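Going by TrEMBL, these are the annotated features:
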TRANSMEM  A:29-49  transmembrane segment
TRANSMEM  A:56-81  transmembrane segment
TRANSMEM  A:101-120  transmembrane segment
TRANSMEM  A:127-144  transmembrane segment
TRANSMEM  A:175-195  transmembrane segment
TRANSMEM  A:225-250  transmembrane segment
TRANSMEM  A:262-284  transmembrane segment
TRANSMEM  A:291-313  transmembrane segment
Amino acid sequence: MSLHSQSSGRASAQAAGGPATVGLTLAKVGALVVLAALLAVPFLLYPVFLMKVLCFALFACAFNLLIGFGGLLSFGHAAFFGSAAYVTAHAVKEWGWSPELGVLLGTLAGAVLGLLFGMIAIRRQGIYFAMITLALSQMVYFLALQLPFTHGEDGIQAVPRGVLFGLFDLHNPLAMYYTVLGVFLIGFAIIWRTVHSPFGQVLKAIRENEARAISLGYRTDRYKLLAFVLSASLAGLAGGTKAIVFQLATLTDVTWQMSGEVVLMTLLGGMGTLTGPVIGAALVVTLENYLAATSLPVPVVIGCIFVACVLVFRRGIAGEIAARFGNQKQGS
Amino acid sequence: MIARLLAGAALAALTIGVMSTGPAMAQQGKLSGDMVKIGVLNDRSGLYADLGGEGSAIAARMAAEEFGNKILGKPIEIITADHQNKPDIGSNLARQWIDQDGVDAIVDVPNSGVALAVQEVTKEKKKIFLMEGPATSRLTGDACSPTGFHWAYDTRALAVGTGQAIVKEGGDSWFFITADYAFGHQLEADTSAEVKKAGGKIVGSVKAPLNTADFSSFLLQAQASGAKIVGLANAGGDTITSIKQASEFGLTQSGQQKLAGLLIFLSDVHALGLQVAQDLVLTTGFYWDRDDETRAWSKKFFDRYGKMPTMVQAGSYSAVRHYLKAIEAAGTDDGPTVAAKMKEMPVNDMFAKNGTILPNGRMVHDMYLARVKKPSESKGAWDYYQILRTIPGKEAFATFEESGCKLPK
């Protein structure tokens, strides 16, 4: 939440000089409080659950970068997430790479795949863009199903967590948690920086009116491609990290349902806000986790929440809060 | 300044965390959590729900009730969950059960892919894993665990039983329709080995995804192969669908080709009906109508569940019972100690007579080669099998040396 207010503080700082310093200090304090909470929370809650939340939060943030700030609805983000998980798992398990290198290779795989997808998909807009990404990700799914190194339905199992930088044994749940937290914060910082850079401004301009952006002299295709690759790499970062946390990479990560889930998380939390996807991911993962033990069917409950979201608070949780408290700019 | 303070706090938190997890892991007292908690983890809604599902949980509860739901004066609790046939969901549930809920043993876990994932978790956490549902012989082979027990059957036993029997009857050329995951691959490999040993040959194979609704393209390939036997290396809902569609395609009516269901459960025969399933030859670890003891237990099970037990469900009872007896004998629920005790004691109940457990966790007991009765032979509901031959445990299962397991003997 505070990171959101931090960004809004920054926005207001640019708008008006006077109250900016106060806003900034408040935002900084808020950010520090959240950071402290994130550091303390594994002592209260089950660390593996928290790591899952963080992995999906990063994944949703990566997706949000594309749709929320670039206006591009990709329906194939599971391909980057899942492929990175497979590549990381394979590198760490079969080649004996260290976890940090494995995750980096996974991120690279996400980036390369994102470049390939992007080059094809950004030539079209709207529903056609979504359909192309969906079709391409289904191809990746069938590759994952049939290629020998992915082991079909079994997935790559028993991936060793290894020792980070040769120093921290990741079999310790807390060491693993702080590693995942670090990865998440790096990813989040990259997104924050991107959104608040001139590049991010151009992306927003393209989202609002692509024709006008072109007439201003921007090569919009290049901006869109770069945003796509960036989003895919970060999704890959999340996927690779998840493979290390859960010590396996399976077909679940590359199915189209996973692409749908990340759309759901982003919409529930608030598309186009920085903290929205984090809230959405936390909500969906928590529901899935705690409802799994009850007899309530998980998809039905989440479906009902989604319907309520669309009918009642269309901006998503974070977007709605921002709108209520008068920072309409954030929701846009 | 604040940042530095925070960094210091984080470092401190990390150190405390590292230090505090050490002693917490050590075993204290006789029973962890002052109770024995058993988690039945299986498919409760999908294609393997009929062969295990709630039935396995009921069987486990029946075993606990024999002890009065109490052991060493402490309660026994049985919980259940649905792994949805996904290895990631299964291993997450297992991890959470052990880390958070204090589960001491995990039971059933059909779907070899999920079982292999759960085996990794239980091995790491040193908890007992009683497998009845999964088939792959890798669970006591290269993926064996000191605390893992494979109870009801495995792919090798199926291959020895059904594979050999069919080659002896003249079915010497085979084509496989294989479920595309750990179980199917292993079943095909084990059966191929037995068929070749008996003098038959393998013409080809095709891999079908798990939970396939349409087997037509695979069946056409099988038809085109010209093999005498179409071996179905799949299970549960997939077996039912493929047998039904094969009969719709007239695969067997021509008389040129025969189906061999390599893994068929009582629940599958019940779903298919005797008209479609008649004369299928199959290998099973348990049949309810074998002797007075099995009939008496199965009757009790039927009264609670409304269906006769499959070998998975009966095996769940037997394994949980043996596990509880071992806790009683060892006086603790510490995983490795109980595992050692379980391996010392012979298994004697309605499921197995003088069953022995190998160092790799394989429970060796007699298997049965059965034929599905014709509708005219069946005397009533659930009267489905005619037992053709008892396969001695030593013949059915691999020895510890053959298994490829790297555990100390």
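Cβ atoms here come from the backbone N, Cα and C positions, even for glycine.
Ranking A:127-144, A:175-195, A:225-250, A:291-313 by CB pairs under 8 A with the transmembrane segment (A:29-49) puts A:175-195 at the top. At the 8 Å Cβ threshold, with sequence separation of at least 6, the transmembrane segment (A:127-144) comes into contact with the transmembrane segment (A:56-81) through 3 or more pairs. Taking pairs at least six residues apart, the transmembrane segment (A:56-81) and the transmembrane segment (A:291-313) share fewer than three Cβ pairs below 8 Å and do not count as touching.
For the transmembrane segment (A:225-250), the residues of the chain that approach it from at least six positions outside its boundaries are 48, 51-52, 55-56, 58-59, 61-63, 65-66, 69-70, 72, 74, 77, 80-90, 92, 99, 102-111, 113-115, 117-119, 121-122, 150, 153-162, 170, 176, 180, 183, 187, 190-191, 194, 199, 203, judged by C-beta separation under 8 angstroms.
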